[in-house]
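What Swiss-Prot says about this one:
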type     : residues                   : note
REGION   : 1-171                      : region 'Methylphosphotriester-DNA--protein-cysteine methyltransferase'
BINDING  : THR34, ARG43, ARG45, ARG67 : DNA binding site
BINDING  : CYS38, CYS42, CYS69, CYS72 : Zn(2+) binding site
ACT_SITE : CYS38                      : active site, nucleophile
DOMAIN   : 85-183                     : domain 'HTH araC/xylS-type'
DNA_BIND : 102-121                    : DNA-binding region
REGION   : 181-354                    : region 'Methylated-DNA--protein-cysteine methyltransferase'
ACT_SITE : CYS321                     : active site, nucleophile
Amino acid sequence: MKKATCLTDDQRWQSVLARDPNADGEFVFAVRTTGIFCRPSCRARHALRENVSFYANASEALAAGFRPCKRCQPEKANAQQHRLDKITHACRLLEQETPVTLEALADQVAMSPFHLHRLFKATTGMTPKAWQQAWRARRLRESLAKGESVTTSILNAGFPDSSSYYRKADETLGMTAKQFRHGGENLAVRYALADCELGRCLVAESERGICAILLGDDDATLISELQQMFPAADNAPADLMFQQHVREVIASLNQRDTPLTLPLDIRGTAFQQQVWQALRTIPCGETVSYQQLANAIGKPKAVRAVASACAANKLAIIIPCHRVVRGDGTLSGYRWGVSRKAQLLRREAENEER
């Protein structure tokens, strides 16, 4: 339950002048000359102070004969829900084909650009621009997966033209649209299998860097898993440089005090990359819960989505999804087996004690 606060009328007026969204739910203000009452954060033009009166809630303002503002809808009981509704509306506007600027978006949801940007990021964990880019990337993937042409897919995703897409092609899909459509066609990926302390390991590398580190017990299963990631990629020869890279990866997997300095080719959605980036900040020897990880990226309600992002990790140990446990501290699922997860955590705990 929200704790009641005692504000003077002068303090309330300052909140109205600042259009402070944090004051929503604390009180409403009414304007005698218009007969309308509003939330403190309402974007309507300010009235003169002498024409403004304050009420504890919408019920009192209604009882005094005032009408609710159609713009800020102060009669809604839950101010937090009201703000969430605005962000939800902003998300739907960002998902339209026509790009929208922050200023235009703020105007449509009746907020200042500054407050919208801050509240949007606090609610979704992403900026409005990043949300729009992630949505475009999703639509592009879906369209390409359906067999649509590259040009049609680019336009359907909301890019104004092909050149706008190609300037951001690498960060949108991690490869060209044509390569994505054909399962990584013409994408050179080399791989090697080796033993490590955790069993068999498959290390794969693209032109951009290490793109997969997979663990298992059966070579055929590991190769099949890689082929599902890049079904049409070319199998590049394993040259001496790549063999050295494989040795560095194995050394890093076997000894956690040997950090991997090789470039990584991390491919995933904007949300997945956000989760994976947060995972890499968890210190060796420590664990967090899925809820704590969701909180860390600013999305406390996205616990299941966070767990799915952990399960989609393609770079075992380097992106340490094994450091995420249930809320009660017990081990949950792990892409490469719960027993490996337990082994990794024991090893890291022992290393920290030395």
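Using N, Cα and C of the backbone, Cβ positions are placed for all residues, glycine too.
Structure with Swiss-Prot features highlighted.
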{"residue": "THR34", "record": "DNA binding site", "contacts (Cβ under 8 Å, 6+ apart)": "ALA47"}
{"residue": "CYS38", "record": "Zn(2+) binding site", "contacts (Cβ under 8 Å, 6+ apart)": "VAL28, PHE29, ALA30, VAL31, ALA44, CYS69, ARG71, CYS72, PRO74"}
{"residue": "CYS42", "record": "Zn(2+) binding site", "contacts (Cβ under 8 Å, 6+ apart)": "ARG19, CYS69, ARG71, CYS72, PRO74, ALA110"}
{"residue": "ARG43", "record": "DNA binding site", "contacts (Cβ under 8 Å, 6+ apart)": "ARG19, ARG71, CYS72, ALA110, MET111, SER112"}
{"residue": "ARG45", "record": "DNA binding site", "contacts (Cβ under 8 Å, 6+ apart)": "none"}
{"residue": "ARG67", "record": "DNA binding site", "contacts (Cβ under 8 Å, 6+ apart)": "GLY35, ILE36, PHE37"}
{"residue": "CYS321", "record": "active site, nucleophile", "contacts (Cβ under 8 Å, 6+ apart)": "TRP276, LEU279, CYS310, ALA311, ASN313, TYR334, ARG335"}
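Within 8 Å of the centroid defined by the CB atoms of CYS38, CYS42, CYS69, CYS72, the record's Zn(2+) site, lie the Cβ atoms of ILE36, PHE37, ARG39, SER41, ARG43, ALA44, PRO68, ARG71, GLN73, PRO74, excluding the listed residues themselves. Around the Cβ of CYS69 (Zn(2+) binding site), a 10 Å sphere holds 22 further Cβ atoms from the protein chains shown. Counting residues per DSSP class in helix, strand and coil order gives 16 helix, 0 strand, 4 coil for the DNA-binding region (102-121).
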